[in-house]
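Engineer: Dumping the structure here so I can ask a few things about it.
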Amino acid sequence: MAKHLFTSESVSEGHPDKIADQISDAVLDAILAQDPKARVACETYVKTGMVLVGGEITTSAWVDIEELTRSTIREIGYIHSDMGFDANSCAVLSAIGKQSPDINQGVDRTDPLEQGAGDQGMMFGYATNETDVLMPAPITYAHRLVARQSQVRKNGTLPWLRPDAKSQVTFAYDNGKVVGIDAVVLSTQHAEDIALPQLKEAVMEEIIKPVLPAEWLSAQTKYFINPTGRFVIGGPMGDCGLTGRKIIVDTYGGMARHGGGAFSGKDPSKVDRSAAYAARYVAKNIVAAGLAERCEIQVSYAIGVAEPTSITIETFGTEKIPADNLTALVREFFDLRPHGLITMLDLLQPIYRETAAYGHFGREHFPWEKTDKAELLLRDAAGLK
């Protein structure tokens, strides 16, 4: 693999699937703020004029599902029927039950350290040294483009932008290293009265140029800005949205493997979410320690069992110490039992709504992005405890 291209995409907070993710995580946060031991599995469906919030929730907390839903949509920016969706007038339906007692008996334990996994499954974490946040460049810059779209929409720089948008960035690699950007796609919903030439110029000057490093752009870089020519109908009016349908956008943009489990709306007892965060934490600390240039961790669980059924490390030939030694370090310094990783990363906090747009990884303020174990790993790897 000497020279190759790699592409990742992202979507804005106003994309229908991301509206659903944010509502699910807003419900989760509101419950965790009152009841950190709650069990939450909240799913959301959005379509023109309606929102359905469902799932299984067991908690002592009370939250106003309807108001949470409306306020979330309002913050995203759907506040008028002209946009095809209005937080103030859409119907909000609720269909929420309790978590199955069969699951409860496998998860809950008298000794918290023996807390079982909430389900079986495998989760992956990944890190690479190709960006400052130790994330793949394609997904990092795809996220930054749509985040910038939101910023200039909300601060009035480009007031004719609307909430729904998508980005896609194709990077060129040579021998595993980024050498440039081959193509950029940015599609953004807009008001009906904006002309396409004006939109293209504004998007280039206010969104693309401020985000993408100039040294990676060239005369050969291709730009596709609203390539269909018109994007007035968007959001839930254009497509229905569902929680958990953007799992590649949420993670590594396809650069790493994915276990298949979505994140949003799930409390940390669900290892689909918490173990994926812990796996990112492990991989990032290995790369931050300089023990590998790229690192992918797989961890797997059996429902009701505390200890992971497997921990596997792949470093793609970039490791500085033998893989067996890396695995031993991970087992020594990271507690990947459900209760252990929840405690290690302080996951029983209402911090999840923010994760539901622009990526769960590569954003330094989240606890799973800390590199506080890197020095310990490096010291131990060198035999200097």
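Placement of Cβ uses the backbone N, Cα and C atoms for every residue, glycine included.
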Engineer: Under Swiss-Prot, which of the candidate ranges 11-21, 99-109, 363-373 is annotated region 'Flexible loop'?
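Structural biologist: The listed stretch tagged region 'Flexible loop' in Swiss-Prot is 99-109.
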Engineer: Please identify, among the binding-site residues ASP17, GLU43, GLU56, the one with the smallest Cα-Cα distance to ASP239 (ATP binding site).
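Structural biologist: So, spelling it out, the nearest of the binding-site residues is ASP17.
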Engineer: Ten-angstrom check, please: count other Cβ atoms within 10 Å of the Cβ of GLU56 (L-methionine binding site), all chains counted.
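Structural biologist: Around the Cβ of GLU56 (L-methionine binding site), 15 other Cβ atoms lie within 10 Å.
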Engineer: List, in sequence order, those binding-site residues among GLU43, GLU56, LYS270 whose Cα sits within 10 Å of the Cα of LYS246 (ATP binding site).
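Structural biologist: Of GLU43, GLU56, LYS270, within range: none.
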Engineer: List the same-chain residues at least 6 positions away in sequence whose Cβ sits under 8 Å from the Cβ of LYS266 (ATP binding site), in sequence order, or say none.
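Structural biologist: Listed in sequence order: LEU28, VAL40, ALA41, CYS42, ASP272, ARG273.
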Engineer: Specify the nearest of the binding-site residues HIS15, ASP17, GLU43, ALA165, ARG230 to GLU56 (L-methionine binding site), where nearness means the distance between Cα atoms.
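Structural biologist: Result for GLU56 (L-methionine binding site): the nearest of the binding-site residues is GLU43.
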